[in-house]
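Colleague: After the structure tokens below, expect a handful of questions from me.
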Amino acid sequence: MLGILVVLCLIPAADVTENKILVAQRPLLIVANRTATLVCNYTYNGTGKEFRASLHKGTDSAVEVCFISWNMTKINSNSNKEFNCRGIHDKDKVIFNLWNMSASQTDIYFCKIEAMYPPPYVYNEKSNGTVIHVRETPIQTQEPESATSYWVMVAVTGLLGFYSMLITAVFIIYRQKSKRNRYRQSDYMNMTPRHPPHQKNKGYPSYAPTRDYTAYRSWQP
């Protein structure tokens, strides 16, 4: 009778030990490039064939970031709309890949592993979690470059505008001087010679020379 009681007491204890899930996480993960890889190592010696692993954010695990479920034939994964997360199952570990993270998502994250089927339903006790610290991407180095390039463009544009105005003004002045010189030359060309008022017009054109008849008279007999 005593032997039967000992056997009955040992069987439940063995079941509890066999179906227990233990999870191990690294305590700190620093993210500098907005991409994080969180590995959840677990041990399970039960007979479950369908599992679910999920990643939770916050000390109270209130936010489920993403999850992955798998069995012998298929794998299913889903992510919260506020996160970019994907889960991968690999033997005795689940890998959660997160990308495009922001500094506001810095928090403590917990892995939860569940044996869904067949019964009994088992899940791990809450682990110590992993603090994911997301560093803000520095953008101050880009501002001076953009400002400098902007002012360089403004200076070049202003200089080109000044030179174009200067060239236009020189061209206008040169054109006005050329017109004045043409007017003066046309006035000189239109002037005709005139006889003094005391000379009489002998019927010859103004350009014809006058003949001297005294030379002819000296030859008369």
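In case you wondered, yes, glycine gets a Cβ from its N, Cα and C as well.
Pasting the feature list from Swiss-Prot:
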SIGNAL    1-13  signal peptide
TOPO_DOM  14-149  topological domain 'Extracellular'
DOMAIN    28-137  domain 'Ig-like V-type'
CARBOHYD  ASN33  N-linked glycosylation site
DISULFID  CYS40-CYS111  disulfide bond
CARBOHYD  ASN41  N-linked glycosylation site
CARBOHYD  ASN45  N-linked glycosylation site
DISULFID  CYS66-CYS85  disulfide bond
CARBOHYD  ASN71  N-linked glycosylation site
CARBOHYD  ASN100  N-linked glycosylation site
CARBOHYD  ASN128  N-linked glycosylation site
TOPO_DOM  175-221  topological domain 'Cytoplasmic'
Colleague: Counting distance between Cα atoms, which of the recorded positions CYS66, ASN71, CYS111, ASN128 is nearest ASN45 (N-linked glycosylation site)?
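Modeller: Result for ASN45 (N-linked glycosylation site): the nearest of the recorded positions is ASN71.
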Colleague: Should any of the recorded positions ASN33, CYS40, ASN41, ASN128 have a Cα within 10 Å of the Cα of ASN100 (N-linked glycosylation site), which are they?
Modeller: ASN33
Colleague: Using DSSP, would you call CYS66 (disulfide bond) helix, strand or coil?
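Modeller: SS state of CYS66 (disulfide bond) = strand.
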Colleague: Based on DSSP, name the secondary structure state of CYS40 (disulfide bond): helix, strand or coil.
Modeller: strand
Colleague: Using DSSP, how many residues of the domain 'Ig-like V-type' (28-137) fall into helix, strand and coil, respectively?
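Modeller: Residue counts in helix, strand and coil order: 3 helix, 64 strand, 43 coil.
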Colleague: Which residues of the same chain, at least 6 positions away in sequence, have a Cβ lying under 8 Å from the Cβ of CYS40 (disulfide bond)?
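Modeller: Those within reach of CYS40 (disulfide bond), by Cβ under 8 Å and sequence separation of 6 or more, are VAL23, ALA24, GLN25, ALA53, LEU55, LYS93, VAL94, ILE95, PHE96, CYS111, ILE113.
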Colleague: Express the predicted model's confidence over the topological domain 'Cytoplasmic' (175-221) as a mean pLDDT, rounded to an integer.
Modeller: 61
Colleague: Looking only at C-alpha atoms, tell me how far ASN41 (N-linked glycosylation site) is from ASN71 (N-linked glycosylation site), rounded to the nearest Å.
Modeller: 18
Colleague: Return only the integer: C-alpha distance in Å from CYS85 (disulfide bond) to ASN33 (N-linked glycosylation site).
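Modeller: Taking the Cα atoms only, CYS85 (disulfide bond) lies 15 Å from ASN33 (N-linked glycosylation site).
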Colleague: Hey, what's the Cβ neighbour count for CYS111 (disulfide bond) at 10 Å?
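Modeller: Other Cβ atoms found within 10 Å: 25.
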Colleague: Measuring Cα to Cα, how far is ASN71 (N-linked glycosylation site) from ASN128 (N-linked glycosylation site) in Å?
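Modeller: Rounded to a whole number, the Cα-Cα distance is 27 Å.
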Colleague: Among all the protein chains here, how many other CB atoms are within 10 A of the CB of CYS66 (disulfide bond)?
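Modeller: Result for CYS66 (disulfide bond): 20 neighbouring Cβ atoms inside 10 Å.
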